[in-house]
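Chemist: Pulled from Swiss-Prot, these are the listed features:
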{"type": "BINDING", "residues": "32, 33, 34, 89, 90", "note": "ATP binding site"}
{"type": "BINDING", "residues": "122", "note": "Mg(2+) 1 binding site"}
{"type": "BINDING", "residues": "160", "note": "Mg(2+) 2 binding site"}
{"type": "ACT_SITE", "residues": "183", "note": "active site"}
{"type": "BINDING", "residues": "185, 209, 213, 214, 215, 216, 217", "note": "D-ribose 5-phosphate binding site"}
């Protein structure tokens, strides 16, 4: 059965409509600001679901409290699904004295949970920091199906070579061609982009990445595709970690911006619930 933390409540209606069993939990705040959780119901196994978007630290502490409460109730096997995993980009030391933040969080969660599932984690290598079983879940199928009719016989592009595997996964769902943008610095302040080995003229194009934050790269890529004669331009990502004004900037530059609902946003039109149901 599922237990939904405060970062997973937006999945509840769809999960219930699919017939999933959901364990009741009370989550509130003490007058001094500390978090209170109480698990209602009993069982042997539970799958806790909660994204750790803002306020990230609060949601991480909540997951620890939920894990402790479930153990106290006698649950023997606990899975944790964190669709968006905070601190995933803090995966290395760049200055002396810094922590590897993603490692610290994973080790703490590993005290209570045997299995961890993350959707499209920024760096899959960090999964080794979790003491138990850790899995990177691909949203390629749900993203691909959402854009199937819109793209037709178009193509899928990654904004850079590092995201090429993501574009390949979505393209394989659709049976389409895929490639990536190559960046070349032509001055200290200017970077040139171009798609590698594909002709976009007259085609519908989907640009896909793991995270959109400021949206600057997506806007520049879309502007270039317009100049190259692309027909319709779509942008998607697993996680919409949008900085202020980013949704508006990207939306103005493309025909549609649609991300998954690992984080609830106004453009979270692609549901990961079909993938969540496989993890119960």
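Note that Cβ sites are derived from N, Cα and C of the backbone, with glycine treated the same way.
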Chemist: Which state, by DSSP, holds residue 34 (ATP binding site): helix, strand or coil?
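Modeler: Its secondary structure by DSSP: coil.
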Chemist: Can you tell which of 90, 213 has the most other C-beta atoms within 10 Å, given these are the binding-site residues?
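Modeler: Output for this query is 90.
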Chemist: Within 10 Å of the residue listed as 'Mg(2+) 2 binding site' (Cα to Cα), which of the recorded positions 33, 183, 209, 215 do you find?
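Modeler: 183, 209, listed in sequence order.
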Chemist: Find the shortest Cα-Cα separation between residue 213 (D-ribose 5-phosphate binding site) and the recorded positions 33, 34, 90, 183, and name the residue that gives it.
Modeler: 90
Chemist: How would DSSP class residue 160 (Mg(2+) 2 binding site) in three states?
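Modeler: Going by the DSSP assignment, residue 160 (Mg(2+) 2 binding site) belongs to neither helix nor strand, so it counts as coil.
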Chemist: Across all protein chains in the structure, which of the binding-site residues 33, 215 has the highest Cβ count within 10 Å?
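Modeler: The largest 10 Å Cβ neighbour count belongs to 215.
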Chemist: Assuming the binding residues for ATP are exactly those in the record, 32, 33, 34, 89, 90, what is the maximum CA-CA distance in angstrom, rounded?
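Modeler: Farthest Cα pair among residues binding ATP: 31 Å.
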Chemist: Please work out which residue of 32, 34, 160, 209 has the most C-beta neighbours within 10 angstroms of its C-beta, and give that one of the binding-site residues.
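Modeler: Its Cβ has the most other Cβ atoms within 10 Å: 209.
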Chemist: Around residue 122 (Mg(2+) 1 binding site), how many other C-beta atoms are within 10 angstroms of its C-beta?
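Modeler: Result for residue 122 (Mg(2+) 1 binding site): 19 other Cβ atoms within 10 Å.
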Chemist: Nearest of the recorded positions to residue 122 (Mg(2+) 1 binding site) by CA-CA distance, picking from 32, 89, 90, 183, 209?
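Modeler: It is 89, whose Cα lies nearest.
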Chemist: Sorry to bug you, but what's the C-alpha spacing from residue 89 (ATP binding site) to residue 209 (D-ribose 5-phosphate binding site), rounded to the closest Å?
Modeler: 14
